[in-house]
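Look at Swiss-Prot and you will find C1138 tagged as active site, nucleophile, backed by sequence analysis. The active site annotation in Swiss-Prot covers H1263, E1265 and rests on sequence analysis. The ATP binding site annotation in Swiss-Prot covers 305-316, 384-386, A676, S886 and is backed by sequence analysis. Feature annotation from Swiss-Prot assigns Mg(2+) binding site to D677, E716, N720, D884. Here Swiss-Prot flags 1045-1298 as domain 'Glutamine amidotransferase type-1'. Among the features that Swiss-Prot reports, region 'Disordered' is placed at 301-328.
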Amino acid sequence: MLILRGAPALSAFRHSKLLEQLSQKVPAVSGLYAEFAHFAEVTGVLTGDEQQVLARLLKYGPSVPVQEPTGRLFLVLPRFGTISPWSSKASDIARNCGLAKIQRLERGIAFYVAGEFSEAEAQLIADALHDRMTQIVVANLEQAAGLFSHAEPKPLTAIDILGGGRAALEQANSELGLALAEDEIDYLMNAFQGLKRNPHDIELMMFAQANSEHCRHKIFNASWDIDGQSQEKSLFGMIKNTYQMHNEGVLSAYKDNAAVIVGSVAGRFYPNPETRQYGAVQEPVHILMKVETHNHPTAIAPFPGASTGSGGEIRDEGATGRGAKPKAGLTGFTVSNLQIPGFEQPWEVPYGKPERIVTALDIMIEGPLGGAAFNNEFGRPALTGYFRTFEQSITTPRGDEVRGYHKPIMLAGGMGNIRDEHVQKGEITVGSKLIVLGGPAMLIGLGGGAASSMATGTSSADLDFASVQRENPEMERRCQEVIDRCWQLGDNNPISFIHDVGAGGLSNAFPELVNDGGRGGRFELRNIPNDEPGMAPHEIWSNESQERYVLAVGAADFERFKAICERERCPFAVVGEATAEPQLTVTDSHFGNSPVDMPLEVLLGKAPRMHRSAVRENELGDDFDPSTLDIAESIERVLHHPAVASKSFLITIGDRTITGLVARDQMVGPWQVPVADVAVTATSFDVYTGEAMAMGERTPLALLDAPASGRMAIGETLTNIAASRINKISDIKLSANWMSAAGHPGEDARLYDTVKAVGMELCPELGITIPVGKDSMSMATRWNEEGVDKSVTSPLSLIVTGFAPVADIRQTLTPQLRMDKGTTDLILIDLGRGQNRMGASILAQTHGKLGSQAPDVDDAEDLKAFFAVIQGLNADGHLLAYHDRSDGGLLVSAVEMAFAGHCGLNLSLDAVAENTAEIAAILFNEELGAVIQVRQDATPDVLAQFSAAGLGDCVAVIGQPINNGEVSISYNGESVFTGQRRLLQRQWAETSYQIQRLRDNADCAEQEFDVVLEEDNPGLSVKLGFDVNQDIAAPYIKKGVRPQVAVLREQGVNGQVEMAAAFDRAGFNAIDVHMSDILAGRVDLNDFKGMVACGGFSYGDVLGAGEGWAKSALFNSRARDAFQGFFERTDSFTLGVCNGCQMMSNLHELIPGSEFWPHFVRNRSEQFEARVAMVQVQESNSIFLQGMAGSRMPIAIAHGEGHAEFESEEALLEADLSGCVALRFVDNHGKVTERYPANPNGSPRGITGLTSRDGRVTIMMPHPERVFRAVQNSWRPDEWNEDGAWMRMFRNARVWVN
């Protein structure tokens, strides 16, 4: 084993944060130093050259002075017997660099902690420094040799039920954490006595996962009686009723990993499987929809819990039909009170929590980062979501109970696209190869399906922790690339059947695969790729290692499939083959036995059906009179409530522009305020049709009136999605995610009554279908604190997500008030028809109350009429701004519109209030509705259209936006409230700031918080030195000559398709080139005029951002020659964007005239930054930017390591003076800036793009390829037509070639 010291592992900011954490736990800690330690398993002795290559490979990241360590060593390593994702990628890079003697590289962190402390304190320090699921702590570097020890496989265990009877099975149930019910134990006893043998632990584990509540949805399929009355339908039966009543537009429901609905016809853009040339294929582009929850893991370990939640949902989409493509994601969180230190709110009463779960604040610091990190690295934009906190002591017939979300809701969902011929699964022929695609087996996430089916606190803490999986998004990206290559083959798609691997691991996925395909299967356990050879058979078969799919590929298609996997460097293995008889057999060649041999019907057959008996309980509630409250104080409380406050901290961490198909994200208008009601994507790059997603949830209402909470969730979804241009309400399809504390008094009846209200009544009345959903039935947390039994139980929680095809993405409405459209009116549409019910409102919650009357959907016809009128007004161009009324009521809707419009408000309540006692209820009730802005001269016509639709009583003019920064509300000429917009907006932004300050670099958080106070901030703007609508490449395109550009990617790159689309539009033939093509000599760069290195996370940014990719080009002789030859050709051009920019900057020794280029390192905020930033094009030789110098315009930013670090002050000066700086960040006033967030990475002198001296090679961190169409821009000037400003850059390259 070789030991190589690495660079310091912590930035100054992370160092001081960790030191503070440690000294809080152990006050004796006086100092801390951390550095990476690398370990190499080698065969033979490395030559001098090989040592040099290895040393350069392991030098990565920012330049930080290395210290001589002092203090006690805590060496954190991957768990012995495992291979970390870092190791597999770094080892791949080493092999690609020609280091054949390196068997494996592994990395640890050496923490040196100064101070005098006891062994018990040392244990506390060790606990704080590692993740016990995947890591261990040792005391010296030599002990790392254990990383490369090879463990012996553990044997199979039989459970002696023939000798020990039922008691033996009960003991196994408890020890293995199987969560089997009494009748299931009876069922298994009968089954194995019938087979005349003892079951193996692997078979019991497999049965428990496959038959857990999590996988089988027993409660939703159960028979019911309520108050002694037998009920006709199951819960699932009532959901399916929506499909039986209205199934038009639904292509697949209830039977696959996601539902599929009809989309639009468009030119789907992808590389031709034979020629690898990108092009558009005109075809129906159907929409798939899915929303998952990952609540249990997120309570225990929020980052991996939320991360693998997003990863699992992405796999569900990819594994739909015969393979599909995920497109856009959403994330939601519901937690208990945050209790932010120093920012505790008056309604937050501390109640405590069990040891085994983390605090609500920790969930909201770590969880969103996990979800965002997976989506970012996979390459899926995160475009909408919700965040709610609720925790309150409620008086019930049994005394006081705390209701809240100690077991959180973590929602991960999204939509994708699928080809018409792949919507239905294919046929599995006998002899088909049964394949696992993706990562290796590891001992993580064991028993997750069963664990998540229990109330938190009823299983052991170790089992809880063991059931959380860990993530490797770059592996999932490789799998998706394989799936993409397969569906792009159309009728020749080699995949006949595919499932994702989720709860229960392969033990659930493979039996489900063969059973759904009407077959049995024979499997060999030792064919499963395994990074933990010491595992027992049941651990190999049932672990929930992530990023895996199982599929059936016909024998005739196998070679083609194998070639695709090898090109994408995606691991796969043939584990078994399909058999005609429905028997499940798993052999083990190591031990020469058969751990599983059973008929499929024993595993998946009719285990006993559950029956539920429920009793209705009187609804809860208390008295709440808002009329006595101080309005100004009420506004501040409501604006601080997390459900209302700015969600900025959740949004800027997630890439929202990847794919180049995003038409509407959360951030709205020139000031980029996070208030959008709906997310919208384009079908493809050549049309204006698209897809919309929006969410609705009103969970606290369920405590007052559960069916009302369900109806309101659907109502809110519709008032949100109404902001997009949808032809008719029945085009909208819903996903319903149900969370309940099943078995808690009153909750089962609330669940049944709410499903009935939604499935049998409201949805059929609206003509809307629910083709997909998910349930989580154990939403309670119980623990004992100093002898006192405590519990927190969630309200019944229905989270609804709406999906729909969009007729015209250009007509999406936003809440931004327009001050450039003359005199305008604000109109309130109140679907509550003046009832102003205040039950469970945010105002009530901020005073520790529930109220008594819940808002509700009283008449489905009102909702239908509202939707139709809004769509008509939008189609006619009458609506300037739109915002639904939701949490916080009318007051919040109106001020959020003012925040987005950077203006004031003059509101009068004369038309809606009858007396002063009603004012608070009118401002803060959360009945369904919306506020719209229309031109004053159109107001009479707009009101008349609502009247004609039967909504005349619901509409009233409530005021006007005004150009000064004042918000004033009056009634009968008397002032009700007056305040400054910027101060209200600061109150609204403060909760987000407080979390950001704890999570990220606090200086950056403060700078962003201060921007809100800038009254004179002009927002984003465009100042161009060229005509955006002129196509300067047109004369060359007309000649029909299309030069070839190599669209270069490496494993983990995810931005290639939009890059190809931009070059294609500019008149190039864009060709898909993988680094594996260059390393294998399949592609010759001499065939290309241009090369572009795309954005993403090559090798998951192992060995530094873009550095592994660059080094596999520098240290592989064939690749080095190819790149060097290309760069030296004077007729060639090169572009590197984001990860491609980082990669190219590390190739500067091959690129003439780039010797002073910087290295790109971690952003100053220490966070992934996804924003729209202003840049100014500099005077330079860049062939891409000719004729654009001096232009200022917005551009998409999405990176975690974009800070330009120059080798020296002299190099920075040289870059500046040589005319090689191509782009700089500027603030909204047009001044070059280093200030956050206008400069999101803190690069010196605003530098974010550079060129070589002759201008042929240009690198930049921003993403012009995501905003070349006008509709791709989060904000754009009204006068832009089809092209965005950045299209000019690609056309410049086409002109240069000629």
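Note: Cβ is positioned from N, Cα and C throughout, glycine not excepted.
According to DSSP, T308 (ATP binding site) sits within a helical segment.
Sitting within 8 Å of the Cβ centre of D677, E716, N720, D884, and not among those site residues for Mg(2+), are the Cβ atoms of V678, A694, G696, T717, L718, T719, I721, A722, A723, S886, A930. Using A676 (ATP binding site) as the reference Cα, a 10 A cut-off selects N720 from the recorded positions E716, N720, C1138, H1263, E1265. Working note on the binding-site residues T308, T384, N720: by count of other C-beta atoms within 10 Å of each C-beta, T308 ranks first.
For the pair E1265 (active site) and C1138 (active site, nucleophile), the Cα-Cα distance reads 11 Å.
Here D884 (Mg(2+) binding site) is compared against the recorded positions T308, T384, C1138, and the shortest C-alpha distance is to T384. Classification of H1263 (active site) by DSSP places it within a strand. The recorded positions recorded for this entry are G305, D677, N720, C1138, and the Cα of C1138 lies nearest to that of H1263 (active site). The helix, strand and coil residue counts that DSSP assigns across the region 'Disordered' (301-328) are 17 helix, 4 strand, 7 coil. Counted within 10 Å of its Cβ, the other Cβ atoms near D677 (Mg(2+) binding site) come to 27, all protein chains included. Figure note: comparing Cβ neighbours within 10 Å for the recorded positions E716, D884, E1265, the maximum is reached by E1265. For H1263 (active site), the Cβ neighbour count at a 10 Å cut-off comes to 26, with all displayed protein chains included. The recorded positions listed here (G305, T308, G311, I314, T384, C1138) include T384 as those with a Cα within 10 A of the Cα of D677 (Mg(2+) binding site). Sequence-distant contacts of G311 (ATP binding site), defined as residues of its own chain at least six apart whose C-beta falls under 8 angstroms from its C-beta, comprise F374, F378, E471, P473, E476, Q546, E547.
For T384 (ATP binding site), the nearest neighbour among the recorded positions E716, N720, C1138, judged by Cα separation, is N720.
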